[in-house]
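As annotated by Swiss-Prot, ATP binding site applies to Gln87, Gly105, Glu106, Gly107, Lys108, Thr109, Asp512. As annotated by Swiss-Prot, Zn(2+) binding site applies to Cys899, Cys901, Cys910, His911. Look at Swiss-Prot and you will find 905-915 tagged as compositional bias 'Basic residues'. Summarising the annotation, Swiss-Prot assigns region 'Disordered' to 881-915.
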Amino acid sequence: MFAPLLRVLFGSKNDREVKRMRRAVRAINALEEQMVALTDEQLRAKTEEFRGRLGKGETLDQLLPEAFAVAREAGKRVMGMRHFDVQLIGGMVLHEGKIAEMRTGEGKTLVATLAVYLNALAGKGVHVVTVNDYLARRDANWMRPLYEFLGLSVGVVTPFQPPEEKRAAYAADITYGTNNEFGFDYLRDNMAFSLEDKFQRELNYAVIDEVDSILIDEARTPLIISGQAEDSSQLYLQINALIPRLKRHIEEEEGVVTQEGHYVVDEKTRQIELNEQGHQFIEELLASAGLLPEGDNLYSAHNLQLLTHVYAGLRAHVLFHRNVEYIVQGNQVLLIDEHTGRTMQGRRLSEGLHQAIEAKEGLPIQAESQTLASTTFQNYFRLYHKLAGMTGTADTEAFEFRQIYGLDVVVIPTHRPIARKDFNDLVYLTQEEKYAAIIGDIKECQTQGRPVLVGTASIESSEYVSQLLKKEGIAHQVLNAKYHEKEAEIIAQAGRPGAVTIATNMAGRGTDILLGGNWEVEVAALENPTDEPVAQIKADWQKRHQQVIEAGGLHVIASERHESRRIDNQLRGRAGRQGDPGSSRFYLSLEDNLMRIFASDRVKNFMKALGMQAGEAIEHRMVTNAIEKAQRKVEGRNFDMRKQLLEFDDVANEQRKVIYHMRNSLLESEDIGETIAEFRREVLGAAIGQHIPPQSLPEQWDVAGLEAVLQSDFGVQLPLQQWLDEDDRLHEEALRERILEALLVAYREKEEIAGTEALRTFEKQILLRVLDDLWKDHLLTMDHLRHGIHLRGYAQKNPKQEYKRESFELFQSLLESIKRDAIRVLSHVQVRREDPAEEEERLRREAEALARRMQFQHAAASALAPQAEEDDLEVVEEVPLPGTAPVRPEPKIGRNEPCPCGSGKKYKHCHGQLN
């Protein structure tokens, strides 16, 4: 009740933040004349001066006004661009580790230079993260002259880059790259066999462009490095032949069955489930195909792999549609990003789903893969000491940014007032009527000379609109995943008078649509541009620009609402950049997916009550509000899914950090002899304890069993029974010490033959290999645990707590296995003299061969989320998560302190065992 009044009196939190920063803007502006008076050399020398002051104890916050003033002056001299006051505010928001929401055309790329320059002064590296390689290269090349003028180095990381180039790019003061490449390089670094093979420094500061796309849209997509698993392509083909015989079971909300079938589809959660008739029928089909023994059960433990194939086939046929979720190009299935409409090169769905789609489309089936290393963007970006982001649309997701990443959103005022008109939605009864109205609107804009951008949700929709326009003889350009090579060129000219451009969702994001077209692109197309043709191109563009402004600017037409309001706002934001005129309108129908699945029956009943006729539309604020309510419902569901993914992956993330910390410690250690000796003592103690229980009588000892274990696990034959027969006083502890001494003697003999240095190198490489192999197997086991854990809910158990408990037990077992396997390999190895340098080179060649066989994937979101319906997710108590700040360096934990994992054990007996 009082909130609106208080907001009027004191302003919103956002207003107060902006007001606070305007004081700093005045301080920066006061320095402008002083900076103008400096020569280029004096301005460049400021960078070294700032670094010196940092070394003497000044902070980046204290340097900010002067550093921003220097960056602004350098921008004017090098690029002819002066940072506006609101852009200075944007730079401060980024420096403070927050998200700056800036409208389209407000110069986000230029804003980033302020915070990037200031934070690069510390010499710890700054990463600028973009959504694709084109934008990474474009922005780096665009801003490179500014940074180099100020004495800073710039690098770009790209896929398939030679190692030397990539290492140099990461060593630069400022590194541009995509979220995928930064994430994969982090995983690669944690598979390296020497420190020299690593690329990244400590993760210091990152500025994420289009932060909503990366931290929200991509959050449920794990990054996976995988190797090839066993080939089961024939099984995919056999299952694929059976799936079309299954029918969908359809039941209306009132419980009336309209079609008897074998499986049920939940369109809201994109889940598919075989019913009782389906289980019986598929078992009969599998038995007749010779894939399931007669009388056997599909749910038997030894048939679970077969069940996985059946569900993969079902999902491929029912939930994945060609030209909607994927396209076929050559002999490949390329996934389409639902948020951008772009193809996702190199990404493959996990759990056999990609292979099932290949079988469905009759394409060569690529081998399955096994996870070697994985993480999520949520956990990767929380490793940075400081994180910031920019986007045109973040405010609708402010709660999630705060909750998951500890990032506040600050809405930056526009340099010029927004002149765009956003019309109410027009809702039609059928899609046919809706598309007819869209064509009518396009025709009207063409007669006025206005450019039109038509946004569609899928390739299928964009091609349907294209066909309708062809019938009407209207010239147009289509921009979707099939034609993404032309993306920048098409978007650059989408603002010409009367131009019609059809784009899937946010294809072309990152490139502004300039009214009248882009004259710079025309100049770039000239072979030998001279002043005269360039001047003519500029003059022609000025006429077109004025013509489009007088006609009303760019008109954005959306053919349907997206599940997220943010994506709709991004589409609207293509019009009306930098105070230009423009307009937007959404055309909807009751047959659209969002309306059909999520919009309330109230809207449908309301429209029917009006007695609407064919071709008529309803335009009412109540309808628009009802649709936004449906979108908020979907956004809430998607947030819950992302939050749940994070809660499950946080368990794996703690284990990942322990393993990667151990790996790095191994790489940094010159001598791990003491670690190996400690492992040997522990492994031997466990082996003796199994055969000679503590405080037991000699009659209870299994001496023969212990002799066999010593030979199989430690590679030594010791006459234990003879020792005991010869010495009546040989008690348990003395026997243990005598066995250990015998093992040490045998190991020292190997050390004398191989040489101490060579053996230390060999120990390190063996331990790294054992760790990597067992970690890979552990990831697979964790996947299996995660996929079935939701079933514990039926036993009145909390799936999350069960997952934490069992994964901790698995991790304890992993730690023991690492020690045991490393000692077993080192005990059995046959030693011969070899140059340590040759050995290391051989191992490096093997690692490179492995890297060539690796696949870098974005798995389906379900690879990290448990397989569960929404009801299963609600077994646990709903408690809001506290905000999670970006990860800072953790304080050192004492060996006798309680382990932070919550096991109740001392740190040295738990996660500290391997440190």
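The backbone N, Cα and C atoms fix where each Cβ goes, glycine too.
This view paints the features noted in Swiss-Prot onto the structure.
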| residue | record | Cβ contacts under 8 Å, 6 or more apart |
| --- | --- | --- |
| Gln87 | ATP binding site | Glu106, Gly107, Leu110, Val111, Leu114, His415 |
| Gly105 | ATP binding site | Asp512, Arg577, Gln578, Asp580 |
| Lys108 | ATP binding site | Gly90, Ala100, Met102, Asp209, Met390, Thr391, Gly392 |
| Thr109 | ATP binding site | Asp139, Trp142, Met143, Asp209 |
Diameter of the ATP binding set by C-alpha atoms, the set being Gln87, Gly105, Glu106, Gly107, Lys108, Thr109, Asp512, in angstrom: 17
Cβ-Cβ neighbours of Gly107 (ATP binding site) (radius 10 Å): 18
Cβ-based neighbourhood (8 Å from the centroid) of the ATP site, residues Gln87, Gly105, Glu106, Gly107, Lys108, Thr109, Asp512 excluded: Met102, Thr104, Leu110, Val111
Three-class DSSP secondary structure - Gly105 (ATP binding site): coil
Other C-beta atoms that fall within 10 angstroms of the C-beta of Asp512 (ATP binding site): 17
Around the Cβ of Glu106 (ATP binding site), the count of other Cβ atoms that are within 10 Å: 23
For Gln87 (ATP binding site): DSSP state (helix, strand, coil): helix
